[in-house]
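> So Swiss-Prot lists the following for this protein:
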DOMAIN    32-419  domain 'FERM'
DOMAIN    438-543  domain 'SH2'
DOMAIN    583-857  domain 'Protein kinase 1'
DOMAIN    875-1153  domain 'Protein kinase 2'
BINDING   LEU881, GLY882, GLU883, GLY884, HIS885, PHE886, GLY887, LYS888, VAL889, LYS908  ATP binding site
ACT_SITE  ASP1003  active site, proton acceptor
MOD_RES   TYR1034  phosphotyrosine
MOD_RES   TYR1035  phosphotyrosine
Amino acid sequence: MPELAVMELGRQLCGKMKKQRKAEMTVLTVMKGLEIHFYLPDTHQLEYFKDCHTAEDLCVEGCQEDATSHLCADNLFALSEESQDLWYAPNHAFKITEETSIKLHYRMRFYFTNWHAPVRTESPVWRHSLFKHKGVSVSPKGPEGTPLLDAASLEYLFAQGQYDFLRGLAPVRAPQNEAEKHEIENECLGMAVLAITHHAKSNDLPLSGVGAETSYKRFIPDSLNRTIKQRNFSHVYVYNNVFKNFLNEFNSKTIQDSNITLYDLKVKYLSTLETLTQGLGRETIEPKILKVSGESDGSPALTLPSGDDGLGYEVQVSGTTGISWRRKPVPNILIVKDKTKSKKNKADKQSKKEMTKRKTVMTIFSDFFEITHIVIKESCATIYSQDNKTMELDLFYRDAALSFAALVDGYFRLTVDAHHYLCTEVAPSSVVQNLENGCHGPICTEYAIHKLRQEGNEEGTYVLRWSCTDYNYIIMTVVCIEMDLCESRPVPQYKNFQIETSPQGYRLYGTDTFRPTLKELLEHLQGQNLRTENLRFQPVLVGLGQPRKISNLLVMTRDREPDSQRQPQVSQLSFHRILKEEIVQGEHLGRGTRTNIYSGVLKLKSEDDDDMGGYSQEVKVILKVLGSGHRDISLAFFETASMMRQISHKHIALLYGVCVRHQENIMVEEFVQYGPLDLFMRRQSIPLSTAWKFQVAKQLAGALSYLEDKKLVHGNVCSKNILVARDGLDGEGGPFIKLSDPGIPITVLSREECVDRLPWIAPECVQDTANLSIAADKWGFGTTLWEICYNGEIPLKDKKLTEKERFYAAQCQLASPDCEELAKLMTHCMTYDPRQRLFFRAIVRDIDMVEKQNPSIQPVPMLEVDPTVFEKRFLKKIRDLGEGHFGKVELCRYDPRGDRTGELVAVKSLKPENREEQSSNLWREIHILRELYHENIVKYKGIWHEEGGRSIKLIMEFLPAGSLKEYLPRNKAHIDLKTLLNYAVQICQGMDLLASRNYIHRDLAARNVLVENENTVKIGDFGLTKSIKDNEGYYTVKDDLDSPVFWYAPECLIHCKFYRASDVWSFGVTMYELLTYCDISCSPMSVFLTMIGPTHGQMTVTRLVKVLEEGKRLPKPDGCSDRLYCLMRRCWEATPEKRIDFKGLIANFQQMIDNQ
């Protein structure tokens, strides 16, 4: 190098050093108020000296300052305080006083790597496109949607990227060796080339001499500048010349020959910045303590403190990968090789191994669509994901926790749901207001029209959306019906109306009146007629609709599209087939809607068992059996199983599969230890804590949020369909619940059955079961939350079906808890407009918010329980007791506690084929037994009904000894005449009560007298019993039923008239049965058939009447005294008026007993 050149270079360097020292000695003036600085050189800072401003409002003003579109401004930018390394949440309020001194930077915070899509190994990033959603083919090389950034946003990002690169806010990656170090330096110089060229082109400077005019040092990181300064003059001189030559060659050949644009330079600069720097596109948070936990096994959270080396853990948030964490890596220190040594010593080798080991891989916690909500408590931020996994970060101060929550919340809105917030503490006021008003963000016109088409294109319906271009306008896109002159039919057209926003309020553009709020303006417009051109209509708002609605607000990637884009396959039935040999049916546990529930065992095979032919494992399961009598709803049953097959969630019960056994269809589901939630809650002697109840509610809401994301409808959300897997009463781990299958869907139930399920069924589904949707599950959740609050109490349990219908018709609400926020949450779930019900993600978030208030839930006053109303699911069948022509009687255990301590009862029901015809008779029997209470009449316990009351069952006391017809032959040796007379007295006493109440039994026989014990009998089976009027004294049979003719008096057979005395005749026949010990060979039917000869049908009655008119009667039984037989004959007088009554019979029998 020539000596003069070296001297000149030294003089220039000395001059620059003096200027630098002079600048450092300059005393800065203290700023006042709040300043927002921009990275664009021509944009002046914003200054505020008074009032209160939110970060979101300041961001909007910043976007307007640099001409960023509303679409990009709405969710990409935030305010940062560099001195504190802090981002402010959008709802943070800056209260500016005379003492305020805050300097903020307006920055793009939310960044997606590969948004420019040059890296083929990574997924490109784009805003959602309707064309792709509709299945329109897109070129694999071209964009799959609209670009992520507009021109102004790209310009600003480029300026921000330069700033971060030069000042080390985006530090270059650490080199692993000397070669890579030189490679990184060259890349930094390449960045300078791009920046200088962009500077020259944007300012219309000649490219040929730009290298001589501009120093590269202004465009490389400060750290690299310091490194270059430490080198000798000759090396720097060469360095400068090499750079100038490369810059000139790049501008003269590459730029001009390839027609490179400013846009290309920006994209190349930013894409290179992603690979050259470390951490671009992701934020790294270093908490004091990190806790990561999963809830499945109830284990405590995994606490991750600092290690022995003082290094803790770090959490990274990225727009493309979600949230992850790892142990902080050891700082990489570049060791320069000592050329005098041929080998490293063993200590160096060991050190290198340790360093490699410490470069830990990131562990994924969750993607954004898996997050349900975020909770802030002081300086701790806790993220909850589906399956109730949690990540808790204990940060150094509260603002850091809010900053972290705002980061995750912002990415969630960009990638999952543009109209939802995960955390109330950082919720943007614009999102909250949009939700309240049913207004969309700045979606484009195509999406507004798409939504209106989905809603049916009804005239006057409109979508509210913020303008994509103008921050001061809201657009109403309205459906207008016009006549198509060519096709002579009405067709929908879409008109846009503008709503102007200003400090005075809101007004429809072109009108004069401002309304203070958007909601008031919309309410005003609701009753108005709007006109446009020659059209006139009344506006009707279409709300935001279901969560995760597609729009151009969503940022998409090929490998991470929301589940809502993939429709569940419900049309194709799919479930695992279980062979009948693989299940063993156990005891009856109760009844569901048209199903019977049993315990059972499922035999499972392993891969080795396939060869051996055996089973290696047995699992306890629940069997839900749909009987052969319900084959008409088998398809609906299979659809439920197919839906459950698509589900995998720890808070939803596992469906093993379906077994077809003969004509029965069986759903095989996992056994859950503590059974239904409502029974569990009622069994607790000590009140359950509020925290316990909230944990159950959150788990249920999380499971339903999972179903909502998959667009699957449960359809029968209630506490008896929630199973308790872990009670959590000891405080360890808390409760753990599982949502069971919905059973038979309401779409195949009758209206009466649907009304019977109120208030769990949503009102719109009562009107038409085809309205069953996810919104119905939200109503069911609201009702279930009410049950949980009140310890399993049944809402509206004292209401009849008609009263329940009126409850809905009047749009009534259940009694609200004392806690105002909890009552508000229930109301939002149970609003009668299904479109206004909260999304389950919002429900999960709000439950946590209410829980933080630590409310006390006062139990409702316990209503008096009707002991005569039995719930069908608690009737556990043991065996059949008997069967007649019209019905049957079963022995069941009524076991509401589920611990096999319930009482045994007899359950009488009609056969399905006789249900329509005979139900009135069974109801009559129920009403009679309700009114009769006597020690010698079988006790009425109550009823249960299903199918909306169309199917009923009579619950009576169970008498294990059976009827006299069965009891007497078995115990003849132990029963003497006195015992028989005692039985006769008891029967007469019961019949006398019946007669005094103006009832006629009409079916008195030994088969209908039940034995309680060896000393007591009771009259049963009042199925044919009739009520008579006082002034008539008889009842005329008007139905053609099978009748016990051999026990009937002549007037019954001839005139079909029944008197009280007719029962006396039947008693005489019953007395004959007692005295013959119900011997089949001499039964009344056998004796009378012998008298009348072979016959059948109506001829039997005719011949029987003739025999009776001839005065023939049943003979005197063996061992019967003349006095006793004479008394029996008095029961068989041909004329009813001449027959003895029951009081007379009692007196005579009592005398006989006394004489024994």
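Heads up, residue numbers simply count up from 1 along the chain you see.
Including glycine, each Cβ sits where the backbone N, Cα and C put it.
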> Between the domain 'FERM' (32-419) and the stretches 438-543, 583-857, 875-1153, work out which stretch tops the count of Cβ pairs under 8 Å.
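Comparing 438-543, 583-857, 875-1153: 583-857 has the most Cβ pairs near the domain 'FERM' (32-419).
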> Three states by DSSP: which one describes GLY887 (ATP binding site)?
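Its secondary structure by DSSP: strand.
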> Would you say which of the recorded positions GLU883, ASP1003 has the most Cβ atoms within 10 Å of its own Cβ?
ASP1003
> So if I draw a 10 Å sphere around the Cβ of LEU881 (ATP binding site), how many other Cβ atoms end up inside it?
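Total other Cβ atoms inside 10 Å, all chains included: 18.
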> Calculate the per-residue pLDDT averaged over the domain 'FERM' (32-419) and state the result as an integer.
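Value for the domain 'FERM' (32-419), mean pLDDT as a whole number: 83.
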> Cα of GLU883 (ATP binding site) to Cα of the residue listed as 'active site, proton acceptor': how many Å, rounded?
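Spelling it out, the Cα of GLU883 (ATP binding site) and the Cα of the residue listed as 'active site, proton acceptor' are 16 Å apart.
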> Measuring CB to CB from VAL889 (ATP binding site), give everything in the same chain under 8 Å that is also at least six residues away in sequence.
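Correct list: ASP880, LEU881, GLY882, GLU883, ALA906, VAL907, LYS908, SER909.
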> So how many other Cβ atoms are close to GLY887 (ATP binding site), meaning within 10 Å of its Cβ?
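That number is 20.
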> To the nearest whole angstrom, what is the C-alpha distance linking the residue listed as 'active site, proton acceptor' and GLY887 (ATP binding site)?
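Approximately 15 Å lies between the Cα of the residue listed as 'active site, proton acceptor' and that of GLY887 (ATP binding site).
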> How do the residues of the domain 'SH2' (438-543) split into helix, strand and coil according to DSSP?
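Within the domain 'SH2' (438-543) the tally stands at 19 helix, 47 strand, 40 coil.
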